[in-house]
Amino acid sequence: MSLADAQGQMIDETAWSGGHGGVSDYFALLKPRVMSLVIFTALVGIVLAPGGIHPVLAATALLCIAIGAGASGALNMWYDADIDSVMSRTRNRPIPAGRVTGSEALAFGLTLSGFSVFVLGLLVNWFAAALLAFTIFFYVVIYTMWLKRSTPQNIVIGGAAGAFPPVVGWAAVTGSVSLESLVLFLIIFMWTPPHFWALALFKSGDYQAANVPMMPVVAGENSTRNQIFVYSLALAPVGVLPWLMGFAGFAYGAVSVALGVAFIIFAYRVWTTREGDAARRASIRLFSFSILYLFLLFAVLLGEHLVTAFVSGLA
Amino acid sequence: MMAEDGIRLTEEQKKRRRARNIAIGLAIGALVILFYLVTIVKLGPGVVNRPL
């Protein structure tokens, strides 16, 4: 078959832009850095859940959650290609750079979404699969298609999508949702706004150019600083909840208090430093620290649980 | 016979397509192994324990 345009004329076949994507481009569509945080938090959900699960099934659940998260990333990049091509941070992503077409990314994302949910349901349990499907739907439809372009609360509500993986991991083991898994959800949910608003503070020009209503663009930088500080004050005690509720030990309690105080100090610096290069540096520092904060909280939660299990196994 | 019709891929596109095909093949192979392992884990010796 030849390709013909609307006027019935032959299209230069070399003009077809598909088929250029290499394996690494498709891997980039999965947002591997976001995926690594998803894998890590989901793993914590799996390990902390009571009852235990066969390691093969745990690995299967983790794989499905990772692929589901990657599929959401691909669908996000498909829908947001117009925005991505404007922003310096995202200009080199496979679609705006022309290495993968939008429809190729869409097909890739939909296929992986279907596979990840189906395999999780078939091999682990359907409740976890339903949660994973909801997470993908929430990230792609509620956040990417709707909230991101319409409200400065986009990442506040959209943050729920990033907070679901430990809940899905927990559900893979127990087949249910519990208060403990909701606390893990709450930690990531409360962490997301100060994390992304710190990024938006030093990338607000990008978001403005792309017409994305991020908080600094809509409400101004000072209002964003106020909200970052308020969220940080709320996040710090939420981070300590696993210890207060008794499903984490003293080591976690001590680390989470110290990290929470440090988070508030970094946020306070962002709040009070409002001019020039120092303000920019403060927001970059908070952004960098926020990643470390979440990683350390979950790492200690995981490490402490594994050590406790090992010691009680010896006894 | 219209051998000239259709999209003609460049050598680079053919190379990338081959790499993608290999990746898809490996993914399908991994799925087969995964289903095999989970079958053994879930059913264990019971995998052959069924009425004939």
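Every residue, even glycine, has its Cβ placed from backbone N, Cα and C.
Per TrEMBL, the features are as follows:
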| type | residues | note |
| --- | --- | --- |
| TRANSMEM | A:34-53 | transmembrane segment |
| TRANSMEM | A:59-79 | transmembrane segment |
| TRANSMEM | A:100-120 | transmembrane segment |
| TRANSMEM | A:126-147 | transmembrane segment |
| TRANSMEM | A:154-173 | transmembrane segment |
| TRANSMEM | A:179-202 | transmembrane segment |
| TRANSMEM | A:228-245 | transmembrane segment |
| TRANSMEM | A:251-271 | transmembrane segment |
| TRANSMEM | A:283-302 | transmembrane segment |
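Where the transmembrane segment (A:283-302) meets the stretches A:34-53, A:154-173, A:228-245, A:251-271, the count of C-beta pairs under 8 angstroms peaks at A:251-271. Ranking A:34-53, A:59-79, A:100-120, A:126-147, A:228-245 by CB pairs under 8 A with the transmembrane segment (A:251-271) puts A:228-245 at the top. Beyond the ends of the transmembrane segment (A:100-120), by six or more residues, the same chain brings 17-18, 20-21, 25-26, 29-30, 60-61, 64-65, 67-68, 70-75, 77-78, 81, 94, 128-129, 132-133, 136, 140, 172 to within a C-beta distance below 8 angstroms of the stretch. Among residues of the same chain six or more beyond the transmembrane segment (A:154-173), those with a C-beta under 8 A of the stretch's C-beta atoms are 34, 37-39, 41-46, 48-53, 57-58, 61-62, 65, 69, 72, 120, 124-125, 127-128, 131-132, 134-135, 138-139, 142-144, 147-148, 180-182, 184-189, 191-193, 196-197, 212-214. Counting same-chain residues at least six beyond the ends of the transmembrane segment (A:179-202), those with a Cβ under 8 angstroms from any Cβ of the stretch are 41, 44-45, 48-49, 155-156, 158-160, 162-164, 166-167, 170-171, 214-217, 221, 224-225, 227-228, 231-232, 234-235, 238-239, 241-242, 245, 247, 263, 267, 270, 279-280, 283-284, 286-287, 290-291, 293-294, 297.
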